[in-house]
Structures are given as C-alpha cells and as structure tokens.
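Quick look at what TrEMBL lists:
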- A:6-105: domain 'Pseudouridine synthase I TruA alpha/beta' (DOMAIN)
- A:Asp53: active site, nucleophile (ACT_SITE)
- A:Tyr111: substrate binding site (BINDING)
- A:145-246: domain 'Pseudouridine synthase I TruA alpha/beta' (DOMAIN)
Protein chains: 2
Amino acid sequence: MRRLKAIISYDGTQFSGYQVQPGERTVQAEIERVLAIMHKGEKIKVTASGRTDARVHATGQTLHFDSPLAIPVDKYMKALNVQLPRDIRVMSIEEVADDFHARYSVTGKRYRYIWSCESVQSPFRRQYTVETNGVKPNVEAMQEAAKAIIGTHDFSCFCAANTSVKDKVRTVTTLQFEWCGEELHMVIEGNGFLYNMVRIIAGTLWEVGIGRRDIENVELVVKSMNRDKAGKTAPPQGLYLEKVFY
Amino acid sequence: MRRLKAIISYDGTQFSGYQVQPGERTVQAEIERVLAIMHKGEKIKVTASGRTDARVHATGQTLHFDSPLAIPVDKYMKALNVQLPRDIRVMSIEEVADDFHARYSVTGKRYRYIWSCESVQSPFRRQYTVETNGVKPNVEAMQEAAKAIIGTHDFSCFCAANTSVKDKVRTVTTLQFEWCGEELHMVIEGNGFLYNMVRIIAGTLWEVGIGRRDIENVELVVKSMNRDKAGKTAPPQGLYLEKVFY
C-alpha cells in the first residue's frame, strides 16, 4: 500500500460539483469509479483538498488516495486518464509520505476568476468566463478596494450563510487583477477560503468596478462580518481552483 | 426590405452542422427560428457562405438574409443575440447591396485547424482541438510538404468521395503552420474548398509531421487526383471557419 498525490484538472460544466452526491454526476464519483475498475472492484476512497461547486472548474485540484497497485506512477496516470471521461484529466501523480493529507496538509490555495468583457462574448468562452455584456470595469478601483481584503480578517461577510464552519478567520495574501486581452482575471491566494468566499469577493469587487459600490465601502463590509453587506455571489463558471499549496 | 450581412461565431460541439436537417439541432435552424420570432412568424431564409459539419466551429461564418424590419443594425444584432442560444453569437451585422450573396459573392475563405500537443490535453480544450497524446510533429517537414498544395490544382485527392461537385480545381494561397504554446495551428486560405478538403489536408500533413509519410509523397498525392492516396480525414473539432472574403 502506498499513498499517491494527484493533481487533476476538470471542466466543471457538466458536473454537479466535486463531491459525491447520490444520483448526480460528480468529479469524485468519476475518479472513484475508475479507481474501482483498476482495483478489480475494490473501493478506493479519494480525498481532495476541498470541494468545488457545480460548474466551477479546476486546473490544480489536488487529491490523495492509497493504492496497493505497484505500477510506476506515470503508468498509473495514463491508466487513469484512459478510463476517465475527457472532462477530467490527471495532470500529474506522485508517491507521497503516508502522513500527507490532501485536505489537512493544505497550507494555501490559489483561485482565479475570469470575466469576459468583449462587447459580444465568444461562444467558446460561455462556459469558462462570466459575460459582462461589454462592460469594462474600473480595475484600478477594484485593485484599490482589494486592499481592505488582503490580510488576516474574520471573513464572515464573504461566507455563504449555510455553512457550519465556526472559525472564519483567514489570511488573504494575494488579490490581484490583470487583463488578458479583453478578459479580466482576478487571482486570489490565501491560507484557506470559506464557502463561496472567492465568488462573493468577486461579486463585491465587481460592484466597485462598475461604480455601484464605493472603494471605501469594502472595508466597512469586512468589518461588519455580515454577509448581507457584501455583494452578490458571482456565477460559478468564472471560477477556477488553480493551485493547492502544501 | 433590405439585405443584411451577418458575421457569426459558433461552438460546433452541440450542433449537427450548420445546415438545416430535419430533427437535428443545426446553426441555420436556430437562426431561422429566432428570425421568425423577430418577424412575427414570417419565415426569413438565411444563406451562409457554405456549410460546416457536425462539431466544426466557426469564428467568422458569414450569412445574408432579407428583412423588412427597419431597426438600426446594432439593435438588430442585440435582438438576435438575446434570443439565440449562447453557442451562437452574431459578432457583427451590416446592411449590404441587394446583389450581395453570402455564397456566390465569396472570393476566398480562411480556415484554422488546431492540434493540442501537450502530454495531457487540457480538459478545457477537448472540444476545441485535436489531441495528439503528447506527440509533437516535425512542423518544418509539414511546412515543406505544404508547398505541393499551395497553388492552383485539381484537388480531387483532398475531396470526400461523396460529393457532387464537378470542377475540383481550387487555388490555395496560404498554408502556414504556427505554434501557439503547445498547440499547433494550421492556417489555410484559398478561393474555395471542396468537401472535407481542409480536414483531409490536415490529416495528410499530420502524417508527414509524424514521419508516416514522406515530404515528397504529398506532391504525388496531389498529382494522383485520387482520394485514396491522401491521409485520413482529421477530426472535426479541430476545425474553424475563420473568415470569409468577399
């Protein structure tokens, strides 16, 4: 038996999220289905760094699982990719120490959020970005407002109401906007993220960018620790889990 | 009544091609359905520069149709885009002379064909490129072999057998390979293309790129005027109709 760490990429469009849910197509269920085939029906439990919601994408989701198969890791990866549906790909796989844990060993995560600001959104980007109907936000204002978010705070204001997590103090280390052609990317890194946190931050800063919320207001939102003071939860298809740090 | 010229982009993944076919989801049927709504049920016939096959994409397909509606063209475009499914977008629309014909007035077309040559194909590119399983072809050889195709030839060798077109002489003016990261693009321009011509050229030059066919062989293929001498028809999802010239 050995512990394997896998980095996977998935197009979230046709999944009801990462985590297994009865009757739904999920990323975890697909991977466990394929592992069971490779292990002659034996159930191999997969642990991820965390969940992602329906339609949310990942380019660097990270998993661990324990396997008795002694095949080399590159062949292991190929065997998985041959059986997996094409909207999930294993990008790398390596053997790790037995105490590595995809969820508990996490030291940080990086997410990306993408808006497409062309006057007409490319049909090829409809599932991978959020359309703004040609609206180009004031990115300097968004970047300025982001200063109130960077750092260590109780982020209750950016946490979906239906969560059981008690401690909502997290540290955001990076929150950066960059244009990539006519697409606006928000890159955010931190030691951990609450449920819907990135999408609520994206939605709140977007409102700053289009002049619907003052830059100064964002600091008040953070201090309020009140979800209702923040902006709307931005749509799922703009969000990517890009990297998990250990 | 006025004649309108529209440039449209579509993600071909979920279409059974451009042209109307009973019982199938097609690009033309979607556009004519929306135009009928805009014209209170009146059927407005749409004419395109040509067909595209199932799963083939377009970034610059061009259409014309005649409409009695006197609304400004930018509002016309917005009205169409509001009603159209999101995998079809009207990118521009303009009023043209009555003798403009989207098919008969064509003077040339540009297509693009894309292979993704990463060791593991991104799940986000599975419907938009052709996977090579990490194989990186010899592009210099492909470019050299392309010289036998550029120019005016009877292209019977690159035409699907089931075609009714008699005159198979066409002129290819540009056939260029370029890397875009780990994706290989083939850009081809000419005054007209036979059925499956771009995909058969892509399939044939690919064989040169991976050493399965000699550079010199391509000239013999062209001279043979025999479809069976050429390579396989490359898969549809790598192909884009990029621009129609008038």
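Backbone N, Cα and C atoms are what each Cβ position is placed from, and that goes for glycine too.
TrEMBL: automatically predicted annotations, no manual curation.
The structure displayed is predicted, hence computed values, not measured ones.
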Going along the chain, which residues six or more apart from A:Asp53 (active site, nucleophile) have their CB under 8 A from its CB?
-> A:Gly12, A:Gly17, A:Asn196, A:Pro236
Sequence-distant neighbours of A:Tyr111 (substrate binding site) in its chain (C-beta under 8 A, six or more apart) = A:Val187, A:Ile188, A:Glu189, A:Phe193, A:Val198, A:Leu239, A:Tyr240, A:Leu241, A:Glu242
Whole-number mean of pLDDT values that fall within the domain 'Pseudouridine synthase I TruA alpha/beta' (A:6-105) | 97
Kindly report the helix/strand/coil residue split of the domain 'Pseudouridine synthase I TruA alpha/beta' (A:145-246) according to DSSP, in that order.
-> 32 helix, 31 strand, 39 coil
